[in-house]
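K.L.:
This is the structure I have questions about; it appears just below.
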Amino acid sequence: MPTGDLLLSVHLGPRWTAAVATTAGRTWPVTFDGQTRMPSGAWIDPESGTATVAAAGLAAAESPDAYLADPMSALRTATDTDPRPAAAVSAVLAHVANTACAQTGAAVAALTVTTPQPWGPKSRQRLTQAATTAGLPEPAIVTTAAAAAAAAASSSADGQRGRFVLVCTIGDDHPHLAVLDAADRYTQLAATTVRDPAQPGIHHALAAAIRHRSSADTNPPQETESQEMGWQAATEIDRARTALLTTLRTPVLLPGHADAVVVEPGDLYHAVRPHLDQLGPALAEALTDADIDHTDITATVLVAADATAPTAQIALAEAKMPPPTTLTQPDQIATGAAHLTGNLRTSATPTAATTRLPRTRLTIGNLTTVAVLTAASIALLFQTISTADVSTFAGNVTGVRLPVATLALAAAIAATSATAVAQLAPTTWLSLRGSNDPASTGWLLRRAYLAAAATSLALAGLWGLAAGVGVEYTDPQYLRWALTAAAPITAGAVITAAVSPRIPATRLGDWITRMRPPLWAIAAAATGVYLVRAAYTLTFPVNLTGFPTLTATIGAALLAAGTAATASRHLAIRAAISLILVPGYALVVTVNTIGYLTATYTATLTGWHLATTMHTLREALPDNPLTRWLTKT
């Protein structure tokens with residue numbers, strides 16, 4: 001098979017679709033608008049019967065009854081007189097394939113598709129026909145449980161896998177168990193649903209709790225578990241379940257309700273726990289059907305893309321199952337399916353060095369962060385020079401007093417703006433080659449952060465020299481302060497350039513977001529320093545507005561808020577620090593203390609850069625002894 005051929009593995013889940021592409025020995029997740037997943041639904045035109053995927057959400061908003069949220073489930077039970085499910089699946093497969101081909105520049109030569117459970121001959125034939133209609137080859141079909149088990153085995157540290165594997169999948173309403181024989185290509189031996197007959201399903205329980213709390217609607221629509229939940233309500237609840245992974249509270253607005261209701265992890269716990277309490281009896285039933293013993297299960301896989309994962313892990317531990325390998329992303333299922341069918345030729349985990357993220361043309365919006373940081377740095381530099389206290393004798397400058405702490409902060413912000421440019425490198429392009437540029441993300445990161453390191457040091461040196469030229473007085477301390485402030489940032493950029501190509505491809509999106517500088521925190525702190533200095537030197541804007549004391553107080557408060565926002569990524573910690581620093585800075589700020597407060601923020605900004613560097617090391621070198629030590633500390 002030519003090395004340019006594209007081997008495509010697609011996971012068509014009930015809510016999300018993900019795909020993994022392999023070509024020329026390189027493998028990476030297919031991205032849809034920067035995400036590794038897209039909604040599985042398709043909108044079917046009621047008149048023509050054609051399916052729409054790319055703009056399905058917009059069309060569904062106007063005609064929700066024509067939207068098919070889970071085409072695969074509909075295809076399995078479809079009749080010969082209903083062509084809509086086949087059209088929807090075909091449209092989804094075509095959209096995924098076209099996206100993958102655009103990103104790789106190759107045609108699909110082999111296709112793997114997952115199904116929720118083992119399908120019979122008629123259902124498989126309908127799926128094959130849908131792929132053919134999309135212009136794709138006949139797919140290799142594997143179950144989601146088998147793909148999950150293969151993904152877990154390929155990602156295990158020792159590369160070993162058990163003979164019999166238990167896969168626990170947390171569905172919309174109930175957990176599902178499947179017992180697989182790993183020695184026989186993960187053949188499914190038994191499957192069962194974990195449920196408490198006296199309790200509603202997870203989605204329905206959350207919907208009932210939300211409707212119970214809602215008081216804005218006098219007659220909200222009701223659903224029983226025997227009724228199929230509308231796709232709009234199911235999508236909103238699924239979004240909330242996923243959001244609870246990273247937040248303690250999230251709003252939910254169900255169709256027919258005027259006001260949103262806040263749900264918490266406890267609500268999800270109360271919805272799923274009654275069913276997980278039945279995991280023991282359900283497991284015993286599955287083991288009996290599989291004709292194996294409890295001790296024969298040597299590996300456990302948990303598929304949970306929402307905040308139910310911790311509760312499910314506890315339930316599996318209570319059932320005396322081995323610690324599970326947890327899969328939280330749909331592209332992991334697609335990767336497992338590719339492993340299972342032999343589409344994945346390399347056993348190495350895809351990294352930035354072998355991945356090419358989609359890139360877009362650089363826009364003004366992309367440069368907002370760089371522009372704001374650069375403006376803040378230049379403003380502080382010019383204020384440092386213009387407000388310097390210059391002593392002269394006989395026309396010659398004999399001494400200069402200027403705020404070196406402000407100069408150091410200006411240099412640190414200038415260095416930060418250089419790293420902000422580097423952070424854009426993997427996702428933007430300037431040349432006319434565009435998507436035909438063969439550069440990998442790792443290559444772009446290395447070149448960009450090395451350039452950022454050199455630029456940071458050069459800008460710091462330039463700022464130090466500019467201060468001396470501006471006041472017409474040469475003093476080595478100007479250069480020393482500027483370079484000292486930029487040196488840790490430069491070192492962090494060098495380390496990032498060295499190790500970032502080793503970051504796993506699946507972690508690149510989160511890592512790039514983490515590397516983005518805290519723009520408005522830095523801008524607030526720089527504005528605060530500028531206002532305090534202007535208040536005590538009676539320069540712009542105080543020379544126009546007056547009120548120097550009020551201006552100094554406002555500036556100190558902004559500096560305190562910026563310090564708190566830069567010191568931590570957690571909202572609660574930021575709020576706690578702000579409650580202490582804002583009134584404290586406003587009380588203690590004077591012409592003598594502003595230098596110390598400015599130096600404190602410079603140290604805080606340096607700490608942010610060091611924290612991002614350690615995060616990069618943890619992502620790129622998770623098994624390195626130094627990284628493990630950094631993780632512990």
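Here the Cβ of each residue, glycine as well, is placed from N, Cα and C on the backbone.
Just so you know, TrEMBL annotations are computer predictions that nobody has curated.
Below are the features listed in TrEMBL for this protein:
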- 364-385: transmembrane segment (TRANSMEM)
- 405-427: transmembrane segment (TRANSMEM)
- 448-466: transmembrane segment (TRANSMEM)
- 478-499: transmembrane segment (TRANSMEM)
- 519-538: transmembrane segment (TRANSMEM)
- 544-564: transmembrane segment (TRANSMEM)
- 571-588: transmembrane segment (TRANSMEM)
K.L.:
Under 8 Å between C-beta atoms and at least six residues away from its ends: which parts of the chain pack against the transmembrane segment (405-427)?
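P.N.:
Cβ under 8 Å, 6 or more out: 34, 352, 357-360, 362, 366, 369-370, 373-374, 376-378, 380-381, 383-384, 441, 444-445, 447-449, 451-453, 455-457, 459-460, 463-464, 467, 478, 481-486, 489-490, 492-493, 496, 508, 512, 515-517, 522, 525-526, 529, 533, 594-596, 598-599, 601-602, 605-606, 609.
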K.L.:
Do at least three C-beta pairs under 8 angstroms join the transmembrane segment (519-538) to the transmembrane segment (544-564), pairs 6 or more apart in sequence?
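P.N.:
Contact between the transmembrane segment (544-564) and the transmembrane segment (519-538): present, because at least 3 Cβ pairs are under 8 Å.
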K.L.:
Among 364-385, 478-499, 544-564, point out the range having the most Cβ pairs under 8 angstroms from the transmembrane segment (448-466).
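P.N.:
The stretch with the most close Cβ contacts to the transmembrane segment (448-466) is 478-499.
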K.L.:
Quick test of the contact rule: Cβ under 8 Å, at least six residues beyond the ends. What residues does that give for the transmembrane segment (364-385)?
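P.N.:
Residues 402-403, 406-407, 409-411, 413-414, 416-417, 420-421, 424, 428, 463, 466-467, 470-471, 516-517, 519, 522-523, 526-527, 529-530, 533-534, 539.
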K.L.:
Are there residues at least 6 beyond the ends of the transmembrane segment (478-499) whose Cβ is under 8 Å from a Cβ of it, and what are they?
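P.N.:
Same-chain residues near the transmembrane segment (478-499) but 6 or more away: 402, 404-405, 407-412, 414-416, 418-419, 422, 445-450, 452-453, 456-457, 459-461, 463-465, 467-468, 515, 602, 606, 609-610, 612-613, 616-617, 620-621.
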